[in-house]
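Only one structure is covered here, and it is reproduced in the block below.
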Amino acid sequence: MTIDIGSPLLLLGRGADPASERGVSCPGDLPPASDPALVERAHAAKAALGERLFVLGHHYQRDEVIQFADVTGDSFKLAQEAAARPQAPYVVFCGVHFMAESADILTGPDQRVVLPDLAAGCSMADMATYDQVEECWEVLEDAGIADDVVPITYMNSSADIKAFVGRHGGTVCTSSNARRALEWAFSKGSKVLFLPDQHLGRNTAVLEMGLGLDDCVVYNPHRPDGGLATDELRAATMILWRGHCSVHGRFSKESVDDVRARIPGVNVLVHPECRHEVVREADHIGSTEYIIRMLDEAPAGSAWAVGTELNLVKRLADRHSDKTIVFLDKTVCFCSTMNRIDLPHLVRSLESLARGEVVNQITVDEETAHYARAALDQMLALP
Ligand code: 13P
Ligand code: SF4
């Protein structure tokens, strides 16, 4: 048996690994984080750019960055917003690499998408490489089931995985439309290959589609044939890729038991990237946009333990001081790559654009973009 350990780990922001969401190092000088004029500089550059600039901010971004976003959202809303702004020549994406790639695919040919720090990747997206997914498809072909399989990739995947899925008649999904994506896929085929987040795939199939845990198998790209026997593949309805989010994967059943013991009557609200044992114990499950809506609408005096990224939970706790809002786990956990985008990187991006210089542009090659767009358009068209 051979175990593929992949390429050596690079420190974030150092060295080049174009095949990975870790990206490449950023050129040029950053303003020092200690510069007290950073906020003022960002406002000035943004004002100078005016209508030529559109800034998108994912909910997991730092407060210091999110204050400059023209629109905030979950990955679905941000994809829709990127597609709906053809007039802005510059789109600055405060989020991670796969989101900026999707924005580049969904925007027009004259629009430039900028990611303020190229090292803002996503460890989950890195868990499925193009070669691994091609190899998996060959395994499905050898098992004689590829024609029955509709591939779905979570938005949190690289553009070439989205293109693979587009080429094979599948769709992209996000945490806010995974159920609709599965319903659509099962109207076209009898099996789904779900990439790269096993938890979102399993949670949606079992809790929203009524499938059993026995209907799901996990394909491990580091084992020969995914670690699965042909009979297991043939019997499965959901073939889940062995990927996960390192932030949401930290929450456990013990985190839920512990918070329920500490805060009687607490409502447990989690993102579907959490493990099945966690979402099964939760009171409410949904995307970041759903989590925000639930807490906005919750009555004063209610108590909530939230299982998602810490920047968002802290912001919601500050916004709703009449409610008790706590992080689901006892240890704090930010998404380290989302946190790469900070004020110095944003200021550098905005000031460079104001000078007419595009730094850290994200571009997807035409052929990849063509097929990835097919899978993204399919998602945007889901009923
Ligand atoms: P959503 O934005 O779809 O809620 O996903 C959360 C996430 O992990 C983004 O990286
Ligand atoms: Fe990736 Fe998880 Fe961070 Fe989202 S929160 S960018 S899925 S590592």
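Note: Cβ is positioned from N, Cα and C throughout, glycine not excepted.
Taken straight from TrEMBL:
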| type | residues | note |
| --- | --- | --- |
| BINDING | His58, Ser75, Tyr154, Met155, Asn156, Ser175, His271, Pro272, Glu273, Thr288 | iminosuccinate binding site |
| BINDING | Cys122, Cys245, Cys335 | [4Fe-4S] cluster binding site |
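Features as recorded by TrEMBL, highlighted on the structure.
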{"residue": "His58", "record": "iminosuccinate binding site", "Cβ neighbours (10 Å)": "26"}
{"residue": "Cys122", "record": "[4Fe-4S] cluster binding site", "Cβ neighbours (10 Å)": "25"}
{"residue": "Tyr154", "record": "iminosuccinate binding site", "Cβ neighbours (10 Å)": "29"}
{"residue": "Asn156", "record": "iminosuccinate binding site", "Cβ neighbours (10 Å)": "28"}
{"residue": "Cys245", "record": "[4Fe-4S] cluster binding site", "Cβ neighbours (10 Å)": "25"}
{"residue": "His271", "record": "iminosuccinate binding site", "Cβ neighbours (10 Å)": "29"}
{"residue": "Glu273", "record": "iminosuccinate binding site", "Cβ neighbours (10 Å)": "27"}
{"residue": "Cys335", "record": "[4Fe-4S] cluster binding site", "Cβ neighbours (10 Å)": "23"}
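A straight line from the CA of His58 (iminosuccinate binding site) to the CA of Cys335 ([4Fe-4S] cluster binding site) spans 12 Å. Filtering His58, Cys122, Tyr154 by Cβ distance to ligand 2 (under 6 A) retains the following binding-site residues: Cys122.
Here the Cα atom of His271 (iminosuccinate binding site) is found 11 Å from that of Cys245 ([4Fe-4S] cluster binding site). Those same-chain residues not listed among Cys122, Cys245, Cys335 yet with C-beta within 8 angstroms of the centroid of the [4Fe-4S] cluster site C-beta atoms are Tyr60, Val96, Ser123, Met124, Asn156, Ser246, Val247, His248, Glu309, Thr337, Met338. The shortest Cα-Cα distance between Cys122 ([4Fe-4S] cluster binding site) and any of the binding-site residues Tyr154, Asn156, Glu273 is the one to Asn156. With respect to their backbone Cα atoms, Glu273 (iminosuccinate binding site) and Cys245 ([4Fe-4S] cluster binding site) stand 7 Å from each other.
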